[in-house]
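Trainee: Can you keep this structure in mind? I'll have questions shortly.
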Amino acid sequence: MGECGGEHTMNILGIETSCDETSVAVVRDGSDVRSSIIASQADLHAKTGGVVPEVASRQHLEQMNAVIAEGLSVAGAAFQDIDAIAVANRPGLLGALLVGVSAAKALAYALRIPLVGVHHIEAHIYANWLVDPRIEFPVVCLVVSGGHTEIFLVRGHGDYQIIGRTRDDAAGEAFDKSARLLGVPYPGGVLIDKMARELHGNTQAVKLPRARLGADSFDFSFSGLKTAVANAVADPANADVAPQDWAASVQEAIVDVLVEKTIRAATANGARRVLLAGGVAANSRLNERMQAACNAAGLPMTAPPPVYCTDNAAMITCAGYYHLLAGRRDTLELDTLSSERLA
């Protein structure tokens, strides 16, 4: 086993390139983050209002070697200290994933160490184990991002059941589409949170619908919200609504439903804890409201810090650690997939 940090332990190097972040991390024993390097392409993609897959792939290719070198340097590690490689191989942009997986295969082959592919959404869930490796099962985890909005019942490591999902748009899409209607630039969801929080937006300034889909449903629907926001923007009665009040009203409409259904799902399924995961889990209002609701329900809550909510290799490494503990390994034939459900 590696000597990173001066102890015989399991040091895993993780690689994440599923979308527009080139990230490498070195993590010891699943939760001790020795380094977490993220080279973001956000400024580049802001020019086009979203991620361009070919551009993302080229950027990953240009940055990969330097980010690996920095990850090792910050961790105070050499290649010979690394015991295994974990890499995001599904789902995501195929060209982007291919860059990371190719690098991971090359390292595993050259160093003659195990390789394990990791599901990107599973890794988001495991970001919570970076915060607290003693989390007890079963738990309910709300995974909420630009492309995913799902409630998972997690009964154990690798044991996932989807008990709620969006029927149309993801919550992150609802944020971004609403932001465009409000004239808020990319990344819209992040800026809506910032405007509503820092400028003390009024959450009740604009009346917007909440799709609850029945008393027993844990599913979500956000497609109607975009239409409602478009109609509200066009309504002369709302001409004097301040930007921060628009932001707060849209955010509250999304957060209300996320919190309500997650708490109901946790209670109905005997969860011992509520977890948040995914890029939208960094939203300050979602964290505030979910914590209050968990307190009221007598449920503990864990959420990763913002740096581990967005795409990062530390979460890939954490998930990989638990796969390796379970004896799972992948061969150098490891493939990439653009889509695959976790459960």
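Positions of Cβ are set from backbone N, Cα and C atoms, glycine also.
A TrEMBL annotation is a machine prediction, not a hand-curated record.
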Trainee: Out of ASP168, ASP169, ASP176, which does TrEMBL tie to the same substrate site as VAL143, VAL144, SER145, GLY146, GLY147, GLY189, ASP193, ASN283?
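Mentor: Among ASP168, ASP169, ASP176, only ASP176 appears alongside VAL143, VAL144, SER145, GLY146, GLY147, GLY189, ASP193, ASN283 as substrate-binding in TrEMBL.
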Trainee: Which of these, ASP311, ASP330, ASP335, does TrEMBL say binds Fe cation at the same site as HIS120, HIS124?
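Mentor: Of the residues offered, the record points to ASP311.
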Trainee: Ranked by the number of other Cβ atoms within 10 Å of their own Cβ, which of the binding-site residues HIS120, HIS124 ranks first?
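Mentor: When each Cβ's neighbours within 10 Å are tallied, HIS124 leads.
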Trainee: List the same-chain residues at least 6 positions away in sequence whose Cβ sits under 8 Å from the Cβ of SER145 (substrate binding site), in sequence order, or say none.
Mentor: HIS124, ALA170, ALA171, GLY172, GLY278, GLY279, VAL280, ALA281
Trainee: Among VAL143, GLY147, ASN283, the binding-site residues in question, whose Cβ has the most other Cβ atoms within 10 Å in this structure?
Mentor: ASN283
Trainee: Taking the Cα atoms as reference points, how far is GLY189 (substrate binding site) from ASP311 (Fe cation binding site) in Å?
Mentor: 15
Trainee: Under 8 Å Cβ-Cβ from ASP311 (Fe cation binding site), six or more apart in the same chain: what's there?
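Mentor: The answer is GLU16, SER18, CYS19, ASP20, GLU21, SER23, ILE38, HIS120, GLY279.
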